[in-house]
């Protein structure tokens, strides 16, 4: 029987030996040879049961709930390979040792800022010989029985754009760990995110349609409110009219997400060279370019969504009929109306959303991440809601101008409305407030959209066989 033990040092007392977990299958004569020990700070002993479960899950190949000797050896070999890769990524100077500056730099690349004192504290916990540097042996010995490395754990728990869908797919794509890519879990995350987005958008579609109506039709002379807007929609087309435009809005999730992810992965290789994870500004550049490529590819669907949301009862028989009529009357160029303000809106939305989310993530990791990088449901929802709200607030004037340009049908002989002329017209006739028409229903849908997409995402993950949070 293979027995792994924890020795928990207590100041002023003898060391106490605690059984960590036992594994059957080791010959009795080898028991003393393969008895392993690991030292942890006494304040961390409360987590040893969680560590036990993680190690068993990581190495249990036959899913019998325990480790035999062969499984344990395989676990050690596989885990040592992963630790070697992480050690090399942290060793910026390639001198075989990690110092405090390299720890700070590696975490800074992920958007996690720590002080030099905090880096030295991390260093001291692993440094056995007092050199204030960590060599490979010290790194391996410290982490060998810890089944989750910090960097992949942060990436795993702090997914953002994959989980949260507020209707504006302009966020920077999430990172995926090496293991998620190798095992194919990344596409399951994307499928779960797409399904969550479909349910979330359908549930909040009435608020989204009201936002579009207020962006296009509300003015000083037509002061459309939330109650008045809903009353007008129901009176004109009944309760079903609240979901006009939702079909195309859901339909565009799959192609947009797939194109954006593939473009992001290709651009990452150009921007980040051979680095596994990108720095924040590199993520912003790569994510914005990927978003621009994805939006350019599916932009005609954005125009169709706006036209379908604004249609009167009986105006179009469906999406294809709407597309045919636009093509016949206005030409191909009509499918790219509002394209320029839409592209310009990517930078402020994606940039501020990413900056706010990373700032909140960094603050939480610094102050509350003691034994795990898992923030829990409410922290994740709060961070996602706040970052999405800030991103939308910054890019909203461009989104409003885009929607008005998409809604404008060409009249023969009439001049084309440009982005700059529309901005000037709104400011002259309605003031700065006019650039924020429809903001109230837009913000009203953020919390339910984020909450619904999270719940559906977590349930779809289980269905698709993705490891639960």
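Using the three backbone atoms N, Cα and C, a Cβ is placed for every residue, glycine included.
These features come from Swiss-Prot:
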type	residues	note
TOPO_DOM	1-189	topological domain 'Mitochondrial intermembrane'
REGION	1-165	region 'Regulatory N-terminal domain'
DOMAIN	47-80	domain 'EF-hand 1'
REGION	151-160	region 'Linker region'
TRANSMEM	190-207	transmembrane segment
TOPO_DOM	208-244	topological domain 'Mitochondrial matrix'
TRANSMEM	245-264	transmembrane segment
TOPO_DOM	265-287	topological domain 'Mitochondrial intermembrane'
TRANSMEM	288-301	transmembrane segment
TOPO_DOM	302-337	topological domain 'Mitochondrial matrix'
TRANSMEM	338-357	transmembrane segment
TOPO_DOM	358-380	topological domain 'Mitochondrial intermembrane'
TRANSMEM	381-398	transmembrane segment
TOPO_DOM	399-437	topological domain 'Mitochondrial matrix'
TRANSMEM	438-457	transmembrane segment
TOPO_DOM	458-469	topological domain 'Mitochondrial intermembrane'
For this session: Could you pull the average pLDDT for the domain 'EF-hand 1' (47-80)?
Result: 64
Problem set entry | Among 190-207, 381-398, 438-457, stretch most in contact with the transmembrane segment (245-264) (C-beta, under 8 angstroms) | 190-207
Seminar exercise, completed: Per the Cβ filter (under 8 Å) with a sequence gap of at least 6 from its ends, the transmembrane segment (190-207) is approached by 161-163, 165-167, 169, 230, 233, 242-243, 245-246, 249-250, 253-254, 257-258, 261, 441-442, 444-445, 448-450, 452-454, 456-457, 460-461, 464, 466
Exercise. Do you know the DSSP helix, strand and coil residue counts for the topological domain 'Mitochondrial matrix' (399-437)?
Worked result: 26 helix, 0 strand, 13 coil
For this session: Determine how many residues of the topological domain 'Mitochondrial matrix' (208-244) DSSP places in helix, in strand and in coil.
Result: 27 helix, 0 strand, 10 coil
